[in-house]
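Visitor: My questions all concern the structure below.
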Amino acid sequence: MLTLISFGQAVNDTKLAVYSPLMSRDTYTGSILIAVNPFTKLPHLYNSHMMEQYKGVRFGELSPHVFAVADASYRAMMNEGQSQSILVSGESGAGKTETTKLILQYLTFVGGRSANDERTVEQQVLESNPLLEAFGNARTVRNDNSSRFGKFVEIQFDASGRISGAAIRTYLLERSRVVKIADCERNYHCFYQLCASGEDAKKYKLGHPSNFHYLNQSHTYELDGINSAEEYLKTRRAMDIVGISSSNQEAIFRILAAILHLGNIGFSPGQEHDSSIIKDEKFRYHLKEAASLFRCDPNLLIATLCTRSIQTHEGTIVKALDCSAAVANRDALAKTVYARLVENINKSVGQDPDSRIQIGVLDIYGFECFTHNSFEQFCINFANEKLQQHFNEHVFKMEQEEYSMEEINWSYIEFIDNQDILDLIEKKPIGIISLLDEACMFPKSTHETFSTKLFQSFKGHPRLEKAKFSETDFTLSHYAGKVSYQTEAFLDKNRDYIVIEHCNLMSASKCPFISALFPPSPEESSRSSYKFSSVASRFKQQLQALMETLNSTEPHYIRCVKPNSLNRPQKFENQSVLHQLRCGGVLEAVRISLAGYPTRRTYSEFVDRFGILVLEFTDGSYDEKGLAEKVLQKLNLENFQIAERFNLLYCISIKNNILNIN
Ligand SMILES: Nc1ncnc2c1ncn2[C@@H]1O[C@H](COP(=O)(O)OP(=O)(O)OP(=O)(O)O)[C@@H](O)[C@H]1O
C-alpha cells in the first residue's frame with residue numbers, strides 16, 4: 001500500500017498538494033513522506049510539545065510530519081516485534097541530515113529513560129551526530145554542512161522498547177577532500193575546529209588554517225554563523241558523552257594535527273635519478289612535527305614517503321620515488337590515516353549485542369546528474385538504483401500483492417524494473433565494476449582501453465551508450481534519467497592502494513591508539529608493496545550488506561526536497577522539485593497508486609466518518625458493511641471495491657476526493 005503525504009508549509013501552495021493526503025491505515029509499509037526543506041528555523045514544529053502530540057497517534061491522523069513517520073516505525077516495531085528502517089534520501093542540501101537528526105530526537109524521546117545522567121545511551125546516540133558531522137561533513141558549493149558520506153544509524157532497543165545501543169555504518173567517505181579542496185569549499189570541519197582551539201592548537205604547533213596546504217587551497221576558512229572554537233568544544237563534549245576516553249581524544253586530535261603537518265612536507269629532486277628528498281629546513285620542520293605527533297620514527301617516515309619496496313625473485317629492492325610520486329604517496333598516507341580514524345570514531349557508540357529489534361535510519365545521497373559526472377556520481381547513482389529496486393519491491397510489489405490477496409479486481413500495472421541496469425553495473429565476471437577493476441589491475445590500462453572494452457562488451461545494451469562528442473564517456477539510462485559519465489579519472493579514483501609501508505609505519509607507532517588503527521595484516525605474497533583494493537567493489541559489498549539489512553526490516557520512506565537552489569525560505573522552483581520527485585521514484589509511486597485504489601478505509605472508519613450522510617439507515621438494521629454500501633450508493637460513487645477479507649473498502653481517491661475531506 002502507498003501513502004503519499006506532503007510536508008512543509010511551502011508545499012501547500014503548489015500543485016503537489018493535490019496528492020496529499022491520499023490515504024491512511026494502520027499499516028505503514030510503503031508510506032512516503034515528502035519533507036520540503038523550509039530553509040528557516042521552525043523550532044515550534046520540532047519541540048517536545050510537538051513530539052508529545054505525535055506520540056502514539058494513528059498515522060495520518062495529524063498533519064504530515066517527520067515525527068509521524070518516526071512514531072509509526074516505533075509503534076510498528078513494538079506491536080509486530082519487527083525491525084524497521086527509515087530511508088531518507090534527496091539531493092545535497094535537501095535536508096537529509098536535519099531530518100535524520102529529528103528522527104533520532106524523536107526515537108530518543110519515546111525510547112529514552114528519564115535519567116539525569118548525561119551519558120545515557122540515548123544521549124550517546126544524539127551526541128554521535130555532532131561527532132560524525134565534525135569528521136564527516138564539510139562545506140561544499142551546495143551546502144555549508146554537507147555530509148561527505150552515507151550513513152546508516154541503527155538504534156537498538158530492548159524488549160520493553162527502551163534504547164539499549166546504537167551502531168553506525170558509513171559508506172563512501174570522500175577521502176580525496178582530506179588532501180584536495182575545490183574553490184569555495186572546505187576540508188572536514190574538525191580541522192578548522194582544531195586550528196581554532198587555542199591551547200590545543202598551540203600544543204600541536206598549529207595556527208591559522210591558511211598556513212596549511214590541506215586547508216588553504218580554496219582560501220575559504222570561515223562558515224557563516226559558525227564559530228569554530230565553540231564547535232571544537234561541542235565536539236569535545238560529544239566525545240565525552242559518547243564515551244571516548246580523554247587519552248583517545250588526545251590521540252584523535254594529535255592525528256589531525258599530524259595530517260596537517262604531513263601535508264606541508266614538500267620534496268625536491270634527490271641526487272639519484274628520479275629520486276626525491278625533503279626540500280629544505282622548513283619542510284623538515286613539518287616532517288619532524290608530523291613524525292612526533294604520529295609517535296613514529298622520523299627516518300622511517302622519510303623512507304616511507306620517498307621510496308617504495310618491490311619484491312623480486314632475488315629479494316626486496318627499494319625503489320626511489322620522484323617528487324610527484326612522493327607527493328602522491330604523502331597524500332595517500334594522509335587519506336588512509338584519516339579514513340581509518342573516522343571508521344574508528346564511528347564505532348565508538350556503544351552497541352547492544354543482545355538487542356533483537358532495531359530502527360535503522362539511512363541518510364544517503366540522492367541521485368546525482370551534473371554537467372560533469374565522474375566516478376563518485378557513478379557510485380552514488382549505483383546506490384540509488386539499488387535503493388530504487390528496494391523501493392519497487394517493497395512499495396509496488398506489495399501494493400499488487402495486497403490487491404491479489406484481498407481479491408480486488410485490478411489490472412496489473414507494470415513498474416519499471418531496474419534489474420537490467422544493476423546487472424550491467426555489478427554482475428560478475430562482466431559488468432562495469434568488474435571491467436573497471438580489471439583495468440585497474442593492469443598497469444598499462446588507460447581510461448581509453450577501459451571504455452573500449454566496455455563498449456565492446458555491451459554493444460547494443462539498451463541501458464548503455466557512447467556519450468555524444470566523446471570516444472570514452474559513457475551514458476547510462478538510469479531509472480531517474482540519462483547520465484553521461486566522464487571516465488578520465490575512473491581508474492585513479494577506483495584504485496585504493498593499501499601501501500604496506502604505510503601500514504608498517506603506523507603499526508609501529510608508539511601511540512597505542514594509532515597502532516591499533518593499523519592492525520597487522522596477514523602476509524600476502526605480492527611483487528609490489530602497493531596492493532590494489534577496489535573502491536567500487538568494496539562499495540558494492542557494503543551495499544549488498546545494507547540491502548540484506550533493509551530487506552529484513554519494514555521500510556518507511558522520506559524524500560527530502562530542496563525547494564530552490566538559492567537555499568531561501570518561501571521560494572519554490574516547480575521544475576526542480578518535480579525533477580527531484582521523479583528521481584526519488586515518487587512520481588512513479590503516484591502513478592502506480594492512482595492506477596489502483598489509493599484510498600482505503602475499514603468499514604468502521606468509513607461509517608464513523610460518513611455515516612452522517614445516511615442517518616436514516618442507522619437504526620441498527622444494517623451492519624457497518626451495509627451502511628458503507630448505502631453511503632456509496634447515496635453518493636453515486638462507482639470506483640470502489642469492497643474487500644471481504646480485512647473488512648476494507650478500496651476507493652479511487654482522485655475521483656472520490658470527497659473521501660479525503662476531513
Ligand atoms: N527541517 C529543517 N528546518 C530548518 N532548516 C533546515 C531543515 N532541514 C534542512 N535545513 C537547512 O538546510 C541545510 C541543509 O540541510 P542538510 O545538511 O540536512 O542537507 P543534506 O540533504 O543532508 O545535504 P548533504 O547531502 O549535502 O549532506 C541545513 O544546514 C539547514 O540550514
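Glycine is no exception: its Cβ is also placed from the backbone N, Cα and C atoms.
Bear in mind that TrEMBL entries carry predicted annotations, made automatically and left uncurated.
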Visitor: From 428-450, 474-496, 543-565, which range did TrEMBL mark with region 'Actin-binding'?
Guide: 543-565
Visitor: Other than Gly90, Glu91, Ser92, Gly93, Ala94, Gly95, Lys96, Thr97, which residues of the same chain sit close to ATP? List them in sequence order, counting a residue when its Cβ is within 8 Å of the Cβ centroid of the site.
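Guide: What remains near the Cβ centre is Asn37, Asn143, Gly366, Cys560, Lys562.
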Visitor: Take every residue in the region 'Actin-binding' (543-565), average their pLDDT values, and give the whole-number result.
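Guide: Mean model confidence (pLDDT) across the region 'Actin-binding' (543-565) is 92.
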Visitor: Which secondary structure state does DSSP assign to Lys96 (ATP binding site), in the simple three-class scheme?
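Guide: SS state of Lys96 (ATP binding site) = helix.
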Visitor: Would you identify the secondary structure of Glu91 (ATP binding site) according to DSSP, in three states?
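Guide: The residue in question, Glu91 (ATP binding site), is coil (DSSP, three-state).
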Visitor: Taking helix as H, G and I and strand as E and B in DSSP, count the residues of the region 'Actin-binding' (543-565) in helix, strand and coil.
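Guide: Computed counts for the region 'Actin-binding' (543-565) are 9 helix, 8 strand, 6 coil.
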Visitor: Which residues does Thr97 (ATP binding site) neighbour through Cβ under 8 Å, counting only same-chain ones at least six apart?
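Guide: Set apart from Thr97 (ATP binding site) by at least 6 residues yet with Cβ under 8 Å, we have Glu133, Asn137, Asn145, Ser147, Asp363.
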